[in-house]
Amino acid sequence: MRENTVKIGLMGLGTVGTGVVRIVQGHQEDLQKQTGLAIEIAKVLVKNAEKERNISLDDDILTTDPADLVENPDIDVIVEVIGGINPTKQYMLQALENGKHIVTANKDLMALHGAEILSKAQEKGCDVFYEASVGGGIPILRALVEGFSSDRITKMMGIVNGTTNYIMTKMSKEGADYAEVLKEAQELGYAESDPTADVEGHDAARKMAILGTLGFHVDMNLDDVDCEGISRVSAEDIAHAKQLGYEIKLLGIAQRDGELIDVSVQPTLVARSHPLASVNGVFNAVYVHGEAVGETMFYGPGAGELPTATAVVSDLVTVVKNKKLGVNGRGSVAPYKEKHLKTDDQIVSKYFLRLIVDDKRGVLAQITRILADHDVSLEQVLQQPYNDGKQSEIILVTHQASRKNIFDVRKLFEEIDSVYEVKSLYRVEGGEE
Ligand code: NDP
Ligand code: HSE
């Protein structure tokens, strides 16, 4: 660190990188007042130096050579907003090896290789902060690590992917077409470079792995997160959910009962009375329940240039403050609890089932018998004509049932002749237990 200036190596000048430059330039005076130092973006790594940019930077700042940042003795902090695992992970490890602090928005990297990166950082006395990796502009990681440090978290439920929430909201409120809204979300800079990560729930699963690790103090792997995306949620599902008083959201759920935990991502019916049901568009929210504090909820923009960049630059401010205090690399607490994952018979929830059945006598009785045999009782039942009255559509909301039992029920429904098709099976959250 030069006397009065901290020099930053910015990796990536796309949606988030551009926002970082705008905030560092536009808020320079405030940043300097808070840290006592000037923050200068010294080098910016991009893939294509010829690309037209909608931000102005000095000509000698852009580079396509990562060594100009990671091997540059003038650079104190690397801000990584390239994304992906390769070559980014190598750049991070090399930067840490050279004693540089890191701020990143990369949930892929932190969910898959966070332990390795954090342990390297500890070895080298460096900070690694990744607030923007979950919830965009919502300071949720800081809330978990600092705000809830005195409590024991029992449940986190999150709408943690802006792209899918934008799609689901437009489908639900405007009857919009899935493919068109996805394209819009891409144009707005919300989606990942491969939007499959958004729609198949992988992005949300990575974020839930990070929340699970920090909230429950266990080493959550991505493989521990059961994951299903929104691609098979139909307009009919959304309409039926509404009819019953629910919105469908791609929901991350992390739950702890005693020492047992489970973390999952799936389309979920959320009761309209629950605050998560009214989180719309690109907004994200994380509901956190603590043994002592009870219910809390954190809400804000989950993606986009400036919201995400605020989280990145706030991490940068923390690195600079730590540097002034000489405490870099001392703040992080490694997971200290053993991980005990629930099995399917221990994961309990309410469920929504939609079946297409033959419209003949005895079918409903057969269905309810199968449910009763598996200890599944019903909260709501709706039956209506389907396919011009040639078949019936049966919509069920169950009381609490184990995941094992409900999956066994679905398998039996798929096998019996009178059930033509099991159209949908979703978890249900909120409302009466
Ligand atoms: P973009 O695709 O908009 O930008 C990526 C940038 O990285 C581009 O400037 C690109 O260069 C550069 N880049 C890509 N690969 C390389 C490489 N191999 N070497 C050098 N430079 C490279 O991504 P975003 O800004 O949207 O996302 C960045 C990160 O932030 C990701 O990890 C993402 O998950 C995360 N994030 C994004 C949010 C959002 O709202 N977009 C919100 C929260 C997190 P060039 O410009 O030359 O093509
Ligand atoms: N693609 C991500 C989303 C970006 O839509 O939420 C923010 O992490």
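For all residues, glycine too, the Cβ spot is worked out from N, Cα and C.
The active site, proton donor annotation in TrEMBL covers K207. With a 10 A radius on its CB, K207 (active site, proton donor) counts 26 other CB atoms from all the protein chains.
Residues annotated as NADP(+) binding site in TrEMBL: M11, G12, L13, G14, T15, V16, G17, T18. Annotation for G17 (NADP(+) binding site): spatial neighbours L10, M11, V44, V79, V81, criterion Cβ-Cβ under 8 Å with sequence separation of six or more. When secondary structure is read from DSSP and collapsed to three states, G17 (NADP(+) binding site) falls in the helix class.
Positions annotated as NADPH binding site by TrEMBL: K107. In sequence order, Y130, S133, V134, D203, R206, K207, I210 constitute the residues six or more apart from K107 (NADPH binding site) in its chain with CB-CB distances below 8 Å.
Listed in sequence order, the residues of the same chain lying 6 or more apart from E192 (L-homoserine binding site) and placing their CB within less than 8 Å of its CB are G83, T163, D198, D203. Residues or ranges marked as L-homoserine binding site by TrEMBL: E192.
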Of L13, T15, T18, K207, recorded positions neighbouring ligand 1, Cβ under 6 A: L13, T15
Helix, strand or coil at M11 (NADP(+) binding site) [DSSP, three-state]: strand
E192 (L-homoserine binding site): secondary structure state under DSSP, collapsed to three categories: coil
Largest tally of Cβ atoms lying within 10 Å of a Cβ, found at which of the binding-site residues G12, G14: G12
Neighbourhood of ligand 2 - binding-site residues from G12, G14, V16, G17, E192 with Cβ under 6 Å: E192
